[in-house]
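Undergrad: One structure follows; several queries about it will come next.
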Amino acid sequence: STLTGHLIYKCGGIDQRTIDEYEKRATEMGKGSFKYAWVLDQLKDERERGITINIALWKFETKKYIVTIIDAPGHRDFIKNMITGTSQADVAILVVAAGQGEFEAGISKDGQTREHATLANTLGIKTMIICVNKMDDGQVKYSKERYDEIKGEMMKQLKNIGWKKAEEFDYIPTSGWTGDNIMEKSDKMPWYEGPCLIDAIDGLKAPKRPTDKPLRLPIQDVYKISGVGTVPAGRVETGELAPGMKVVFAPTSQVSEVKSVEMHHEELKKAGPGDNVGFNVRGLAVKDLKKGYVVGDVTNDPPVGCKSFTAQVIVMNHPKKIQPGYTPVIDCHTAHIACQFQLFLQKLDKRTLKPEMENPPDAGRGDCIIVKMVPQKPLCCETFNDYAPLGPFAVR
């Protein structure tokens, strides 16, 4: 959060007076070093614990892009929120701490860094920037050796997880606190020849937007705004959303008309893929809508709930073998729903994805299986081929 907050501040997303106010209040609480993090950690509870719980959305502009930052939690208790944030992103910035012991803990068997990188890959993110952060740490002292060690280890770990292009990613030595290598190259690390963070962001290619497909918008939150009414919010994944449209909220059959669409407090004539929007609907109360519902156009391939679906599942890490009947919570787009693994149909070779065994009795770490899955509550998901953002899911 400190790195992200500093980036937003430097790009003019927040003024100096607010930063000064945050610094004063953070110092009073004995947390002066958290002032930039406070840009994002708006919740009082988060400030007092010094960790990120919710997903903060913030907008800033670079020379090339308007960027929406989704600051997702890195703390284990809040992994569900982290998954929701990741499922809305085009690219990821993975922040690893350079401090002795801190980096090693993150990439250990159950470490956060490894888990986040795995989830980002599973949820369909293709491109990543890695910030080797806290280079100003008293033990690290902007050391090239420490940076090289972390870069080498991260490349190896990312490849093992399934990031085939890990060698092409930018690995940037940064300090969220001092601002080194955020907006411009740092004179404290003359040995580093790559881009600073803002240039790396501008060097990313914007993904192709599926505007030609029917509308799909998974709901992230639902608000009641006085004088306006019920406002669901989320990211348009495919298609377009515009005032006057009749939309359905799957897996229910509730239909409503869109009155207005807003992004970052500006009204839009229409929103397309990648836009994080809030929209006002007629005739529905906040209690009628839930996070995880999917919005679609009533007249154009509207989304529906599914009673069961067939999925390819890779067991990344599980203490013991799983068998049919196993019922974990799955995170699919913004939905979090218990889902039973009813039948194991096939076991596949992980490299070729060719069937190795029909109806395997169980599956363990490293296995790739085809499973018939039954949601325990209504769920709207789609095949990866038809609507790629609504196909991937993570099992926890």
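Cβ from N, Cα, C; glycine included.
Grabbed the feature section from Swiss-Prot, which reads as follows:
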type: BINDING; residues: ASP71, ALA72, PRO73, GLY74, HIS75, ASN133, LYS134, MET135, ASP136; note: GTP binding site
type: DOMAIN; residues: 1-211; note: domain 'tr-type G'
Undergrad: Could you please provide the mean pLDDT value for the domain 'tr-type G' (1-211)?
TA: 79
Undergrad: Can you check which residues sit near LYS134 (GTP binding site), meaning Cβ under 8 Å from its Cβ, same chain, 6 or more apart in sequence, and list them in order?
TA: ALA97, ALA98, GLY99, GLU102, VAL140, SER175, GLY176, TRP177
Undergrad: Under 8 Å between C-beta atoms and at least six apart in sequence, can you list the same-chain neighbours of ASP136 (GTP binding site), or say none if there are none?
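TA: In sequence order, TYR142, SER175, TRP177, THR178, ASP180, LYS188 meet the Cβ cut-off.
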Undergrad: Which secondary structure state does DSSP assign to LYS134 (GTP binding site), in the simple three-class scheme?
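TA: SS state of LYS134 (GTP binding site) = coil.
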